[in-house]
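As written in TrEMBL, here are the features:
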- 15-40: transmembrane segment (TRANSMEM)
- 72-91: transmembrane segment (TRANSMEM)
- 122-145: transmembrane segment (TRANSMEM)
- 189-211: transmembrane segment (TRANSMEM)
- 232-253: transmembrane segment (TRANSMEM)
- 273-293: transmembrane segment (TRANSMEM)
Amino acid sequence: MQEPTRGARSRRSRWFPLVWVIPSVLVLLVVIVLAARALVATPALRSFLADYPGQSALPAGAPVGFPAWLEWQHFFNGFFLLFILRSGWIIRGKKRPTAFWVRRNEGRFVTRTPPVRIGIQVWLHLATDALWVLNGIAFYVLLFATGQWVRIVPTRWDVIPNAISAGLQYASLDWPTASGWTNYNALQVITYFITVFVAAPLAVITGIRLIPGLALRFAPLDPVFSARVARAIHYPVMIWFAGFIVVHVTLVLATGAVHNLNHMYAGRDDGSLLGFAIFAASVVVMVVAWFALRPAVVTAIAGRTGSVRTMPRG
Ligand code: HEM
Ligand code: HEM
């Protein structure tokens with residue numbers, strides 16, 4: 001028999017773990033569901049679920065529903081993250097960049113340090129990061145200025161038993177009733193809180209530490225916060241975002257898609273198809289932008305902000 005080539009072997013070994021990973025995950029899921037169903041049938045757990053139905057009460061006067069600014073920001077957040085994740089993933093692949101960008105060192109902004117050459121995907125990452133951070137700052141300001149923050153920041157300790165209760169309900173496949181219009185369930189509150197107030201700031205702090213042009217300036221931080229440490233945090237944060245998005249979008253679509261999409265895309269709490277239509281249009285915008293931002297287009301845009309040198313292929 002012919003020996004597999006090195007390429008074929010590495011291709012096989014890369015995907016081979018899936019042969020046992022997928023069945024193991026499925027078996028684990030079945031075990032979790034059966035265990036959760038057995039647990040919630042016991043009198044102790046039944047009374048726990050009655051005491052903690054999965055939602056923690058909101059302070060009096062908490063806002064109801066979704067203002068238009070939140071809907072727009074939610075869309076832009078997802079839109080920018082799409083390209084942040086794409087460029088981050090390519091950077092991690094460590095392929096030789098197809099082009100390099102250099103800041104123009106002229107005019108009013110002359111500095112003594114020579115400009116650093118960065119790969120075109122790092123440029124795209126930083127450009128979309130800047131837009132994402134601006135959107136995020138506006139989101140924070142509006143969240144606290146309008147009182148909307150109480151919906152995604154835990155304010156009572158009973159959010160913990162309620163989150164356990166909601167988790168048990170998901171695991172037993174008897175899902176908590178979706179009522180995101182007035183109050184998220186406690187597990188949602190905690191996950192949104194971690195995403196907005198822990199994962200996002202961590203991505204920003206560790207990301208800034210990794211900016212190639214600032215490496216020298218940050219050198220004094222090396223003993224406590226080296227680029228290695230920053231990268232070791234930055235990447236798991238990306239895994240959190242990717243995992244969050246998969247679970248979030250799956251649950252949005254699986255727990256009353258029409259109502260949920262009306263909440264976040266049309267600002268209404270009814271059974272019309274408007275939210276779904278706007279969501280579908282937003283997906284079209286993202287798909288078009290995904291294909292439109294070809295390397296040549298990214299290079300052209302980058303060229304307007306600095307000097308871009310395209311590398312010969314091969
Ligand atoms: C395009 C895919 C997405 C869809 C369809 C979607 C849909 C939704 C919906 C329907 C809600 C309201 C849930 C409810 O009423 O129970 C919501 C809330 C939320 N989503 Fe998304 N989402 C998407 C992407 C994202 C992304 C990428 C993030 C961030 C990484 C995100 C973060 C959030 C947060 C933080 C909230 C709570 C906002 C608040 O009330 O202040 N979503 N999403
Ligand atoms: C302000 C926010 C952010 C900044 C300033 C930033 C900056 C950076 C920089 C400078 C690098 C390193 C490039 C290099 O190695 O030369 C990087 C890598 C990366 N970024 Fe970000 N980033 C930010 C947010 C994010 C977010 C939100 C995600 C994902 C959700 C993300 C995912 C990644 C990934 C996967 C890599 C590759 C990491 C590796 O090679 O291990 N970044 N980022």
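Placement of Cβ uses the backbone N, Cα and C atoms for every residue, glycine included.
On a predicted model such as this, the values are computed, not experimentally measured, just so you know.
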Count, for each of 72-91, 122-145, 232-253, the Cβ pairs lying under 8 Å from the transmembrane segment (273-293), and report the range with the highest count. 72-91
May I ask you to check whether the transmembrane segment (122-145) and the transmembrane segment (232-253) make contact, with contact taken as at least three Cβ pairs under 8 Å and only pairs 6 or more apart in sequence counted? no
Could you tell me what the rest of the chain brings near the transmembrane segment (72-91), counting residues at least six beyond its ends with Cβ under 8 Å? 119, 121-122, 124-125, 128-129, 131-132, 135-136, 138-139, 142, 238, 241-242, 245, 264-265, 282, 285-286, 289-290, 293
